[in-house]
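Notes for the one structure printed next.
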Amino acid sequence: MALRVLLLTALTLCHGFNLDTENAMTFQENARGFGQSVVQLQGSRVVVGAPQEIVAANQRGSLYQCDYSTGSCEPIRLQVPVEAVNMSLGLSLAATTSPPQLLACGPTVHQTCSENTYVKGLCFLFGSNLRQQPQKFPEALRGCPQEDSDIAFLIDGSGSIIPHDFRRMKEFVSTVMEQLKKSKTLFSLMQYSEEFRIHFTFKEFQNNPNPRSLVKPITQLLGRTHTATGIRKVVRELFNITNGARKNAFKILVVITDGEKFGDPLGYEDVIPEADREGVIRYVIGVGDAFRSEKSRQELNTIASKPPRDHVFQVNNFEALKTIQNQLREKIFAIEGTQTGSSSSFEHEMSQEGFSAAITSNGPLLSTVGSYDWAGGVFLYTSKEKSTFINMTRVDSDMNDAYLGYAAAIILRNRVQSLVLGAPRYQHIGLVAMFRQNTGMWESNANVKGTQIGAYFGASLCSVDVDSNGSTDLVLIGAPHYYEQTRGGQVSVCPLPRGRARWQCDAVLYGEQGQPWGRFGAALTVLGDVNGDKLTDVAIGAPGEEDNRGAVYLFHGTSGSGISPSHSQRIAGSKLSPRLQYFGQSLSGGQDLTMDGLVDLTVGAQGHVLLLRSQPVLRVKAIMEFNPREVARNVFECNDQVVKGKEAGEVRVCLHVQKSTRDRLREGQIQSVVTYDLALDSGRPHSRAVFNETKNSTRRQTQVLGLTQTCETLKLQLPNCIEDPVSPIVLRLNFSLVGTPLSAFGNLRPVLAEDAQRLFTALFPFEKNCGNDNICQDDLSITFSFMSLDCLVVGGPREFNVTVTVRNDGEDSYRTQVTFFFPLDLSYRKVSTLQNQRSQRSWRLACESASSTEVSGALKSTSCSINHPIFPENSEVTFNITFDVDSKASLGNKLLLKANVTSENNMPRTNKTEFQLELPVKYAVYMVVTSHGVSTKYLNFTASENTSRVMQHQYQVSNLGQRSLPISLVFLVPVRLNQTVIWDRPQVTFSENLSSTCHTKERLPSHSDFLAELRKAPVVNCSIAVCQRIQCDIPFFGIQEEFNATLKGNLSFDWYIKTSHNHLLIVSTAEILFNDSVFTLLPGQGAFVRSQTETKVEPFEVPNPLPLIVGSSVGGLLLLALITAALYKLGFFKRQYKDMMSEGGPPGAEPQ
């Protein structure tokens, strides 16, 4: 057999931490299945299973021992028992270190019993010397099960079956007998109706074992259906020794009927218990439509053995009987396993013992996934001869096909061992059960179920002692067929339950995205502490990733007895070798195979086994110390004769490389190349300090360091004046480390710890001006005013200024800050400084706004820094802060503005550090009242006219502002002049449906001599006439709302004769009033809230038309006479016909 050992150097590194992928050792064999299983032993040995290798005729599977020290593999010679036919040795492996033991199993031993072949298993327990012959478990294969069967047919011959169907039923019986016929099976047959006839007994069949010759002569009885009586007769007469029934044979009754029993004197309750006592296994076949009702189906269930789903067949007609022939045959074949009560199932005939295996303190634990109809279980061997079978069938009847024992793990709690078994096909979702021993009996005390159908939850198990205290903390449960759209497989992290608490899984581990068929979790192993944090790490295989090339994931343990949810390293098989397939299908870890004191990982692939070494883990400690500890004031304070480039001090930088892992490597052998960068004030646009050597704020250094401390001293300078002497100068150090390969240990390379601190900082503070006690005690105060502003008008100018004065009467104040609190409808706009008398220096102010909450309600705040970072002692600053007022703001009747001043000196607050001021608030309104064009503009009358005319004055009122408010509209209307009515009972009406209330009162004129006033101006208004004042209160006048108000009444003319004017103007006025304590008009808008309307009134004389008519008639006649005389004189009226005839041609001439 060819043997090759390859030392692979990966073309590209598998990024991660911290298994060495550059120098992976690969063992390769041509044996089929090599790498299917793998286990580490003490020393440098690895045992590999090749369960598919054909060793000899009827011998399959072999074991190989591979040694890191020799770099070779050799087969383990084993005397395989003759009965171990095709056992697939090496399909499962298990090992312990104390004492050193190896358990190797072949769970596919083929055992032939008569015409049946069963699958069992054998395991071999080795000691530390694999050349010595191992112990065998079980000591011998269990014998073949009982196979004698007596099968009786009870067929319905009642009159409801037509002859053609009866013949089909006989053909069905003959065919089934032919299929079940073998040397240890006997048949008998009874026909029943209301009569009963035994056509042949077991003894007669034994004498003539020809089914067709026995069945063909049978004729139909006809009559009613007495099924219950027929069953009793079969039990008592056919299953009788006198008729050839055998004492130790299985008793099987097959009942074929086409309907419910009818006219039978016996009930099923009279005969079924007797059949159960006699151990008769009953199958019933219901034919036809009669069994569609619930009652008839219940009759079939009553006849059949339990459970009915395994013993009842139902077909639509006799033609369909042939469709169930094979099903019935399989059911009866299954009986020849083991009989239990009235039903039957396999016990251990298909057990596949050793499908998974573990070594307990009591002895080997071998799983039997095929036991009891593949419900599964395990055998715990305390000696070769003594074993205990452990399963869940007694407590969970629905364990069929669960495969309990598919995976097994041992847990240790309080020095007591318990078992954890996986059943990945339990109810299709999978189950993992925990078993403990109680008074000598093993019982399940906790379980956890899967969540996805077909995920194979429990296909792999791994118990983990995270903190290495000797007690198991959690169990990893693999579900390699768990499916998501972008990844396949998952591993649940399940801490052990405490007390009687429910067992739950509190976390789930996944592989990388993009691998839906990855089978992540197909293999699990405890790796040990590979990163030096004293916590156990684990490895998880995903052999289906990258098109079955495979990958292995490394997860670190975490404090609190958990597993990190993200992997620290992913090792792809394709990166190690392009020929690898199913890399990660088996895993084993936790042993030091390379004799360097570090644990190693063994990974199985198809035809290959790879040994991956964990690497020494390093950490770096950095110390940076300044001398002096502070930058002196005379160095950083600038004056008129400033000198640049002053030396600020020096810093001592020390690096100490330390090893975290426990190993056998000598400290003097470990070296690494460390490159570190130093940066001063790296977060600032301009550094305040530089290195004297480079005149730059950064510096890079590369050194080869061992496991010792290395130091260097660097001088620092301040190149410019310091604007910020408060924040210390920050020196940052970050580094990278590359380990030097160790030639004495196969070029093993140290690595930097994954969670190692890579960034270090040190602070170089500035000396403070804080007196001898070095504690700065400022004395801050704040005041402010609204300057000349007496009232804030909302809706007027959008901005207003607040003049603020801040003083410091104490020592230097650090990071002084003024904070204003103001209503939400205000917003900060800008800040500007004012020159004051105490200081001529310029100040740095910067403000920013933020939301804040005070006890009184929601407020906004703006904070202004005063000359950051230092507000010097005995200083005063005055500045304006400008606020913007929303035109729709609602501030009440007063604006309350608060402010305080604070600093990082942490001095207690006083009444000087807080200030507040109130300012009255009014709201600007913009309203207009105008005279409408539809008002009466002109009226006239005659002196003799005693009637009155209707006159109206209309006004349009508009709210053009941004406020709704209540208003009053006041009209002044002249109604009497010198006790004579002018405008009689004027009324006010509105164009809109306004809610208003109007009331009137009279107002006396201001001048009593109205005639004198009229001579000055022909105007009748409230100065000379008695007026009616009409006030209409409107409670709500909305934004952009307008309406018309109309004054309407009768105008009398009697008063006019008391005047001597040709015309007069009647004037009414309208004015808008409002609450001026809340609202106000902007300057220049007062004229728009008042208006007046004028109507011109004048008298006229009615003319007499008679003189005009008479005069016109006489004048017309005289004019006509004159015209006629003139025409006569001119001869207009003379006849001239004769002249016209004489001027014509001779008589009789034709006209021309």
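Glycine too: its Cβ is placed from the backbone N, Cα and C atoms.
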Candidate in Cys791, Cys847 joined to Cys864 through a disulfide, as Swiss-Prot lists it: Cys847
Bond partner of Cys66 - disulfide, per Swiss-Prot - picked from Cys73, Cys105: Cys73
Per Swiss-Prot, the range holding motif 'GFFKR motif', considering 241-245, 426-430, 581-585, 1131-1135: 1131-1135
Swiss-Prot annotation, disulfide partner of Cys123 among Cys105, Cys113: Cys105
Residue among glycosylation sites Asn880, Asn978, Asn1044 with Cα closest to the Cα of Asn911 (N-linked glycosylation site): Asn880
Cα distance (Å, whole number) from Asn1044 (N-linked glycosylation site) to Asn880 (N-linked glycosylation site): 48
Count of other CB atoms lying within 10 Å of the CB belonging to Asn900 (N-linked glycosylation site): 17
Structural state census, the repeat 'FG-GAP 3' (339-390) (DSSP three-state): 4 helix, 26 strand, 22 coil
DSSP-derived structure type at Asn940 (N-linked glycosylation site), helix or strand or else coil: strand
Where Asn696 (N-linked glycosylation site) sits in the secondary structure, as DSSP reduces it to three classes: strand
Among Asn240, Asn940, Asn993, Asn1075 [glycosylation sites], residue with fewest other Cβ within 10 Å: Asn993
Rounded Cα separation (Å) that holds between Asn940 (N-linked glycosylation site) and Asn240 (N-linked glycosylation site): 144
Neighbour-count leader, CB within 10 A, glycosylation sites: Asn469, Asn880: Asn880
Position of peak Cβ density within 10 Å, selected from the glycosylation sites Asn391, Asn696, Asn911: Asn391
List of residues, in chain order, with Cβ under 8 A from that of Asn978 (N-linked glycosylation site) and at least 6 apart: Phe1010, Trp1055, Lys1058
Rounded distance in angstrom between the Cα atoms of Asn391 (N-linked glycosylation site) and Asn240 (N-linked glycosylation site): 37
